[in-house]
């Protein structure tokens with residue numbers, strides 16, 4: 001147990017020693033030595049992470065392995081390397097800097113944790129968390145019991161220490177699981193939410209055990225000492241809860257919406273972390289536990305949680321946390337590994353966790369593969385285990401041999417469990433819907449369910465315009481599920497918020513109504529609902545706060561739960577009045593992933609010039625009040641909607657996506673203020689196409705012609721094209737014809753003209769298809785808005801057999817009297 005005593009003279013920090021020109025070495029001084037150590041550690045861990053990332057290895061594995069490579073297991077076995085880069089005289093500085101940074105990392109983890117997640121997740125997470133902790137704890141505690149540990153000479157056989165060691169092997173911490181799920185983009189998945197809730201449950205139990213361990217150790221000194229320890233912990237909790245938290249809430253209250261927190265407040269809370277850490281070390285609970293308690297008292301999310309995260313994350317999490325992991329690796333020596341009772345106990349803990357999570361998961365009707373994945377994820381090890389094992393080593397409760405066994409076992413378990421679990425779990429599998437959820441196959445009198453995704457207020461006019469053009473009536477109602485997409489900031493676990501429609505609707509126009517962006521967006525849609533007869537439109541608002549990388553899981557999950565036929569997305573580039581476009585890379589990530597796994601049809605709306613022209617020029621923005629427009633009934637609903645005029649062109653090249661676009665245009669033609677022109681592009685003679693595709697397309701066009709014969713709001717025309725130049729010429733001519741909206745399919749892989757031109761190689765956004773990308777491009781300067789549609793994929797049916805089992809269904813369109821299109825309020829007329 002005695003590691004010996006190292007005697008050395010602590011050198012000056014910097015600037016007083018002899019430089020290389022005087023025959024000295026800068027590494028004899030603390031600051032240059034620390035700089036070299038930091039650079040070397042970060043370089044090795046980043047290279048390892050780059051090499052291991054394709055194998056789905058989490059960052060913690062590469063960072064601990066980097067320390068092991070630099071430590072006595074490999075490079076530091078060379079005496080010259082160790083004495084030059086990691087000499088004993090540098091250990092205090094390295095340890096102090098790493099521990100100081102880790103305290104802030106633990107504080108930030110506490111800030112980003114949401115204890116209410118356990119309550120919102122229901123009993124599933126609690127049951128799985130309890131079972132996945134109690135069973136491995138019982139099995140490992142049995143393994144440590146009796147005279148079983150006699151052979152392990154470097155483990156203190158005090159019962160409290162052995163129980164604490166069993167707890168550390170059995171726990172699954174939120175701080176460990178959250179970054180792993182975030183790296184794998186699984187935070188928004190069902191499995192990710194369950195894992196977060198279960199890990200938070202075990203965190204609560206582990207914290208109570210930590211307090212009990214502190215009191216038990218104090219009781220070994222004297223019962224009075226144990227009492228003082230309890231009072232000290234209670235005093236810390238009381239100060240944090242009744243002094244620090246009210247101050248944090250007051251800071252949030254004083255910060256204007258959308259504005260950053262004052263720097264002085266941020267500095268104040270960073271100082272409080274130091275004071276709490278100092279006090280926690282005095283009473284023996286460890287500065288990390290005090291920092292975690294303080295972090296939990298700070299409300300997560302913006303503005304305060306986000307501001308603290310921005311100050312701490314870049315430097316501490318990116319630079320000093322790898323330093324702590326590497327310091328742990330420097331204390332690990334694989335040559336000290338021995339095979340004995342300890343490995344069996346660790347295996348019992350792994351097996352107990354596997355069974356303890358899997359059995360209740362299967363009982364709660366989680367599929368077998370998902371249950372196995374969840375149990376493997378719950379076996380992950382990380383920062384909490386590293387801190388605990390270092391605590392045991394520093395306090396001489398275990399020796400370096402046991403420490404090396406624990407660390408190497410933790411790395412091995414995580415390195416194997418995480419990739420296997422990630423391969424077994426496919427979050428997109430639950431979105432596979434074998435029932436047609438498309439506009440083409442929707443019955444004429446069925447209600448249309450649309451999931452509209454908006455990011456900010458600029459998306460509101462476009463969404464409202466598409467909604468208005470869709471012609472909602474009590475006979476053909478529209479159910480709108482509004483999902484506001486908010487990037488996660490200042491919290492680790494994603495949040496899904498269902499809003500109360502009645503509560504929001506009652507506050508429209510009320511004095512003192514909320515002025516946040518979210519409230520204005522939601523109220524704009526409720527006003528739109530009130531403009532229509534009762535039963536025509538029903539609005540159901542939701543908000544998701546999550547990372548862009550996994551936000552598509554929330555979108556698709558809601559689409560499955562609400563059985564929507566269409567997901568309406570917005571193009572990630574916003575066309576500006578002064579020219580050019582503002583791109584949002586995060587929204588493009590969401591759009592691409594939704595297009596890939598959507599359980600229904602998807603439409604991407606391109607709003608030209610930020611709504612000043614095109615389709616959304618007819619709809620006021622969210623800041624304006626619609627409720628006064630039109631005459632109202634006693635219920636506050638208008639008897640007639642304001643005049644809406646729009647000219648729509650549906651481009652038909654052929655294929656399922658174009659048939660979906662044409663179906664949507666046919667529904668729009670029912671609106672008395674909308675005229676629709678279906679433009680069919682026929683390949684010129686000499687260009688061969690697929691006869692089977694042509695028959696299905698011809699049948700669809702004949703149905704459209706029959707509808708056009710009964711409606712003076714619809715017409716069908718054909719264009720003969722032999723190359724892309726002619727297609728582009730026709731598309732540019734749509735501007736002169738005065739169209740406000742162009743609807744087109746996304747994929748045209750069977751159209752014979754396009755593949756030969758190689759335009760897909762020049763696409764800015766190939767996910768939109770050749771024509772969609774061309775119309776959305778800022779180089780294609782046209783004023784009309786564009787709606788690019790992708791029909792639901794059903795087990796690869798459309799891709800494998802074009803048009804197979806594809807029945808063209810369309811409702812009848814009542815023929816209103818002929819109208820002259822005029823843009824209401826736009827100042828010009830179209831004939």
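Every residue gets a Cβ built from N, Cα and C, even glycine.
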Residues flagged as transmembrane segment in TrEMBL, choosing from 2-25, 290-313, 314-337: 314-337
TrEMBL annotation (transmembrane segment) - matching range among 380-402, 403-425, 426-448: 403-425
Range from 31-52, 227-244, 265-284, 344-364 with the greatest count of C-beta pairs under 8 A to the transmembrane segment (403-425): 344-364
Other parts of the chain folded back onto the transmembrane segment (265-284), taken as Cβ under 8 Å at six or more residues beyond its ends: 103-104, 107, 214, 217-218, 229, 232-233, 236, 240, 244, 248, 251, 290-291, 293-294, 298, 304, 307-308, 311-312
When counting Cβ pairs under 8 Å to the transmembrane segment (344-364), the leader among 31-52, 93-113, 125-149, 227-244: 125-149
Sequence-remote partners of the transmembrane segment (161-181) [C-beta within less than 8 Å, at least six residues beyond its ends]: 58-60, 106, 109, 112-113, 129, 132-133, 136-137, 140-141, 143-145, 149, 155, 187, 192, 195-196, 198-200, 202-203, 205-206, 209, 213, 345-346, 349, 352-353, 377-385, 388-389, 392, 397-398, 418, 492-493
Top Cβ-contact partner of the transmembrane segment (31-52) among 93-113, 125-149, 202-221, 227-244 (pairs under 8 Å): 93-113
Same-chain residues near the transmembrane segment (314-337), Cβ under 8 Å, at least 6 residues beyond its ends: 37-38, 41-42, 44-45, 60, 63-73, 76, 86, 94-95, 97-102, 104-105, 108, 383, 386, 389-390, 393, 400-401, 403-405, 407-408
Positions on the same chain near the transmembrane segment (202-221), where near means CB under 8 A and six or more residues out: 113, 115, 118, 129-130, 132-133, 160, 163-164, 167, 171-175, 228-230, 233, 283-285, 289, 292, 384
